[in-house]
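Written below as structure tokens is the structure these notes are about.
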Amino acid sequence: MGKVNEVLFMNRGEGEISYAQNSAFTQKVASMAMPALENAVETLFSKDFHLLQALTAADLGCAAGPNTFAVISTIKRMMEKKCRELYCQTLELQVYLNDLFGNDFNTLFKGLSSEVVGNKCEEVSCYVMGVPGSFHGRLFPRNSLHLVHSSYSVHWLTQAPKGLTSREGLALNKGKIYISKTSPPVVKEAYLSQFHEDFTMFLNARSQEVVPNGCMVLILHGRQSSDPSEMESCFTWELLAIAIAELVSQGLIDEDKLDTFNVPSYWPSLEEVKDIVERDGSFTIDHLEGFELDSLEMQENDKWVRGDKFAKMVRAFTEPIISNQFGHEIMDKLYDKFTHILVSDLEAELPKTTSIILVLSKIVG
């Protein structure tokens, strides 16, 4: 697999398997977390940030769907509300949209309508800029951000976990692409260690960029259980591994490619997130909660329609990194196989998806 920061991005464009057309679930997650963002803006104003001429915010891992537009609109709306309540001067809002270099910034900015940004004569003038690069390192000058938002991005890792091959060069997570019930303990330990390292790097970079008392609102894909091999946190990757294994058995994929591939993502528990933040010591935890949503739109009666929708959603965020390992030419067959395996499981109750909302304040001093 190539370097993660070169191959990790959502499916580009606006076609039927693009992220832009298959982000309904993450939109639902974002809407559930929107009160936390609204409260963060309220908190900033309570700390006299309304005295500033401009509020600077960043949406990290913004991708190219409509979610980031909702973030901008929410921040702007809350600023306008506080301006009217506090009779403060006209404010300016600077928003930086960040993602890795492979992100579809063209589709992103093409969708940035005047309805989102508004005009420069309103109570809050809004200016938007793109910032390509990895949020695991520094992106902005010191003490330049008042508010940081990130949704469904921080659980991605900078690389596949280290130490997943034996001294003899044998794969320790053979036949799997993520933590599973059959994975040896070293696999779980390696994933947690990599997440700890990467999330700590993220916090360290933001601690230098966020002003004292500034806020961060982070939404992560997570889990309720303390065991990362429970189906709630490995369901998607388990089905993908089964689909890949079937293509291996048909001679369409080299077995070694499966055995040496481990997804660079980790869905943490609330306790793990809390522990890392407290160990870092740069931020206080204002709010931490987990909530569950159905993985599929259960109001759709036809299981094939439901399965197809879920498969397209999964393909939208997994295909670039999966195709880099297994080849672009096999993707249609792989996700068709994934859909068939998924539909055969739809008779049973599927695990709900857990999301984590984490609100942090930069410690003064």
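Heads up, residue numbers simply count up from 1 along the chain you see.
Every residue, even glycine, has its Cβ placed from backbone N, Cα and C.
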Quiz prompt | Given Swiss-Prot lists ASP259, PHE261, ASN262 for Mg(2+), the same-site residue among ASN106, ASN143, ASN173 | solution = ASN173
Practice problem: Quick one: pull the CA-CA distance for CYS62 (S-adenosyl-L-homocysteine binding site) versus TYR152 (caffeine binding site), whole Å only. | Solution: 9
Quiz item: Which is it, of ASP99, ASP259: the one of these binding-site residues whose Cβ has the most other Cβ atoms within 10 Å?
Solution: ASP99
Quiz prompt | Most Cβ neighbours inside 10 Å, all chains, among the recorded positions HIS149, HIS155, HIS221, HIS328 | solution = HIS149
Quiz prompt | Mapped DSSP class for SER265 (site 'Involved in substrate discrimination'), helix or strand or coil | solution = strand
Practice problem: Excluding THR26, TYR152, HIS155, TRP156, HIS221, PHE317, please set out which residues of the same chain place their CB within 8 Å of the center of the CB atoms of the caffeine site, keeping sequence order. | Solution: GLY61, SER151, SER153, LEU220, SER265
